[in-house]
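Listed in TrEMBL for this protein:
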DOMAIN    A:3-319  domain 'Glutamyl/glutaminyl-tRNA synthetase class Ib catalytic'
MOTIF     A:10-20  motif ''HIGH' region'
BINDING   A:107, A:109, A:134, A:136  Zn(2+) binding site
MOTIF     A:251-255  motif ''KMSKS' region'
BINDING   A:254  ATP binding site
DOMAIN    A:334-481  domain 'Aminoacyl-tRNA synthetase class I anticodon-binding'
RNA sequence: GGCCCCUUCGUCUAACGGUUAGGACACCAGGUUUUCAACCUGAUAACACGGGUUCGACUCCCGUAGGGGUCACCA
């Protein structure tokens with residue numbers, strides 16, 4: 001049996017759309033679950049839309065996500081080149097074959113004529129479609145026009161009055177009528193192929209066994225199938241993935257939030273979370289386990305776990321998964337991940353001691369949903385002086401006087417603690433022992449203490465804060481609260 | 001508008017003719033020796049509608065409705 005080969009074929013137009021990542025991921029899962037190869041091919045046939053550096057950033061984001069390509073423009077392979085504009089002569093050869101077979105034809109229509117035609121069709125409430133004006137030009141006419149230097153495109157000659165049967169692995173048989181199909185452009189007037197042509201030629205030449213692509217391609221599926229038939233080539237298996245929708249419905253779009261993987265990366269989403277989340281957009285393992293690593297997904301992945309209905313992108317679930325994976329990190333790993341965000345906000349400098357950062361990360365880890373939140377969660381720990389409303393110190397029905405008295409008591413307890421005993425556990429034991437012994441209510445003391453150290457309504461426990469702040473700073477903050 | 005695809009809790013989904021329709025996120029309630037978070041326990045919550053087929057339909061068929069995609073010398 002031939003080796004399974006799948007490809008991801010983006011056009012280098014900028015950042016990676018989350019929907020495209022999902023397509024790539026599913027291709028990768030499928031390929032690897034069948035011990036196959038995964039190939040990167042750059043479809044840069046539209047020079048107008050091309051963005052410089054896009055290929056590099058693509059490679060960068062994929063390596064961050066954890067997808068390894070077996071072949072591609074950046075590594076060698078036996079099916080190259082892997083960039084379509086480097087394959088132009090190949091397409092010329094194959095379009096000639098199609099022309100000779102009468103499966104394609106020259107079209108000399110001007111864009112003005114085509115615009116005009118479409119406008120009229122729409123006025124008449126007809127589906128806009130090429131009217132096949134040039135479909136039956138004689139050989140002489142064609143030669144004449146070419147000799148005169150007339151610009152031309154080459155169109156696919158869709159057969160008349162027949163049914164085109166295609167097979168999608170997820171949906172089964174789908175039947176289209178050939179009269180609903182347009183004589184699509186295969187080669188543009190600049191000699192460069194369109195997606196519809198280059199994609200098919202390359203998939204065949206690169207011996208792609210399975211094609212995973214978005215649902216939006218379903219409409220051109222019959223034309224693709226016809227092209228395979230014209231060439232007499234065997235078709236790969238096609239898997240059209242359901243689309244990812246906005247919360248309000250409709251294709252996931254920029255207007256309603258972040259759509260690029262880079263956006264999520266910048267906000268501090270972990271690749272583990274993104275991979276896990278995307279996998280469950282249209283796939284489900286046989287068991288009910290929903291927290292899975294890339295490796296585990298590949299082990300469990302199969303076509304029959306895939307669905308066909310479009311899925312809404314639910315940020316809350318991504319947040320949940322991200323929080324989960326953040327909690328899995330050890331303190332050093334997480335600190336390294338958080339550092340850029342702290343640096344960016346000026347809370348630390350390159351010279352800051354790792355130890356201090358570790359402590360801060362340690363007490364923030366379990367409430368972190370995305371890395372960028374680290375700054376707003378911890379800024380008060382880094383500042384010399386914190387500002388807050390004195391009223392916040394008051395717990396339930398206490399008065400400000402009570403609160404200050406309580407803080408003073410705690411102060412003297414803390415003051416006696418040796419530097420070497422200044423740990424979370426020690427402080428906790430000491431304070432609780434004191435409260436119990438003198439029959440005090442926890443909240444009456446712990447809430448004011450916590451606020452005096454953080455100035456925040458919500459924060460980690462006072463013992464954690466004191467531990468991070470150190471004895472000197474802690475006492476200073478308590479003192480300040482008492483004097484306020 | 002033509003063509004095509006889709007339709008189970010708010011969301012992601014399980015079910016492949018016989019289940020009290022299961023799980024996860026979110027939400028709500030309780031617990032967890034101060035808050036938040038985390039964690040634990042529990043609750044609420046769905047088969048779009050109408051016809052068939054069948055002893056029996058979430059599951060199969062046909063309509064209807066709704067949603068989505070696509071109709072470029074863009075991918």
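Cβ atoms here come from the backbone N, Cα and C positions, even for glycine.
Annotations in TrEMBL come from automatic prediction, not curation.
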In whole Å, how far does the CA atom of residue A:134 (Zn(2+) binding site) lie from that of residue A:254 (ATP binding site)?
40
May I have the DSSP-based helix, strand and coil counts for the residues of the domain 'Aminoacyl-tRNA synthetase class I anticodon-binding' (A:334-481)?
107 helix, 0 strand, 41 coil
So which residues does the motif ''KMSKS' region' (A:251-255) touch in its own chain, when a touch means Cβ under 8 Å and the partner is 6 or more beyond its ends?
17-19, 216, 243-245, 313
What is the average pLDDT across the domain 'Glutamyl/glutaminyl-tRNA synthetase class Ib catalytic' (A:3-319)?
94
If you take the centroid of the Cβ atoms of A:107, A:109, A:134, A:136, the listed Zn(2+) site, which other residues of that chain have their Cβ within 8 Å of it?
A:105, A:106, A:108, A:132, A:133, A:135, A:137, A:155
Could you find out if DSSP has residue A:107 (Zn(2+) binding site) as helix, strand or coil?
strand
Taking only same-chain residues 6+ apart in sequence, whose CB is under 8 Å from that of residue A:107 (Zn(2+) binding site), what do you get?
A:130, A:133, A:134, A:135, A:152, A:153, A:154, A:155, A:183, A:185
What's the CA to CA span in angstrom from residue A:254 (ATP binding site) over to residue A:109 (Zn(2+) binding site)?
36
Around the Cβ of residue A:254 (ATP binding site), how many other Cβ atoms lie within 10 Å? Please give the count over every shown protein chain.
10
Nonlocal neighbours by CB distance (under 8 Å) for residue A:136 (Zn(2+) binding site), same chain, sequence gap 6 or more:
none
Below 8 Å Cβ to Cβ and six or more residues apart, same chain only. Which residues does that give for residue A:109 (Zn(2+) binding site)?
A:130, A:133, A:134
